[in-house]
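Features of the protein shown, as given by TrEMBL:
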DOMAIN    224-269  domain 'LysM'
DOMAIN    276-356  domain 'G5'
């Protein structure tokens with residue numbers, strides 16, 4: 001057996017012990033039937049027995065009467081271990097025997113075998129899977145170690161994908177260009193450095209393939225569960241098992257921090273930390289739409305709040321090749337490595353005004369219509385007082401603000417003005433625009449000089465289509481003709 005070595009020292013009669021035994025025999029000769037004579041100084045060896053002092057790795061174990069019996073015990077133990085583990089197990093140690101002839105020996109056969117059992121060191125040759133130079137994972141042989149690592153990869157790729165990658169890895173031919181819509185594996189590796197080597201180890205450390213795969217993937221062979229007790233809350237359970245509450249929730253699908261625990265509920269409390277991380281690099285080629293973007297171009301010639309579409313948006317199209325990496329099935333990076341434009345994208349472009357509308361008037365009024373002429377001035381008319389100035393015969397429908405200001409009224413006036421707008425120019429002046437067919441502004445809005453307020457019309461008490469314009473200064477009516 002490998003590692004099992006016994007040493008037989010030259011059998012030697014210890015004369016002093018023999019003489020001592022003879023003297024002892026003489027003293028008790030009157031009580032026994034066996035006597036040894038020492039009259040002539042000769043030593044009768046027939047009264048002595050051979051015993052064996054046992055040493056294991058130079059440590060004294062005890063005395064046995066039969067070394068063959070102990071050798072058989074060791075051999076049987078090794079054979080039993082080999083059958084139990086299904087491995088070629090050997091005894092690791094040096095067994096030494098020192099023989100001695102003694103009178104009336106005291107042997108410890110059973111005690112020695114019990115001591116041997118407790119101190120036996122068995123060993124076997126196994127394949128060690130070493131990751132980042134950490135504690136190895138042992139399996140029976142190199143072939144099984146390779147199988148373990150292959151099965152780990154198969155947790156994250158299909159057999160077909162892995163076989164195709166293995167075939168292309170050994171091929172000397174260049175890969176064909178990716179077809180549109182095709183995805184293939186560019187590389188499969190482990191994030192940790194990995195090495196497989198033969199080593200000598202205690203057989204109880206050797207796992208089968210399934211156990212080794214589970215350990216590498218989950219970091220443990222046994223996933224613990226906890227039964228909820230009275231008074232338990234998520235935080236206390238997490239703390240008992242060195243977990244954060246977030247980790248505990250992630251282990252128990254469907255559970256949230258609002259979940260009410262019931263006594264007797266079983267929770268998973270083993271936070272899995274894989275020993276190995278599988279890195280899969282993909283390359284994929286696909287046709288995709290390039291979504292147009294909305295562009296806003298500021299224009300300081302347009303009033304703030306006004307917009308104008310410059311260009312409609314239209315999606316583009318491209319064929320893109322991506323390099324993507326997944327670690328243990330979770331995407332960690334994605335990068336476009338090649339792009340072929342089929343149709344250029346056309347962004348949607350809108351101009352946005354930035355010109356600020358002042359709310360205070362300039363004090364100089366602008367003509368409030370497009371062309372036209374005065375048909376009636378302020379003053380006495382038809383037996384009553386005409387408060388403003390009428391303008392008709394315009395070349396356009398738009399009625400405009402005479403100056404900058406704030407709209408303080410915009411709506412229907414039941415007193416005869418019809419649709420009416422009043423602007424406070426915030427400098428003591430107010431202007432009123434009546435009989436409009438429609439209104440384009442609202443109360444509170446800041447308007448600039450020349451900004452459209454609505455369209456000319458004949459609403460209310462009107463003799464025809466025209467604009468009735470009134471001007472007040474510090475609350476008193478003034479003649480509009482003095483300002484236009």
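Quick reminder: no glycine exception, Cβ is built from N, Cα and C everywhere.
Residues of the domain 'G5' (276-356) grouped by DSSP class, helix first, strand second and coil last, total 0 helix, 64 strand, 17 coil. Looking at the domain 'G5' (276-356) alone, the prediction's average pLDDT is 94. Break the domain 'LysM' (224-269) down by DSSP state and the numbers are 14 helix, 6 strand, 26 coil.
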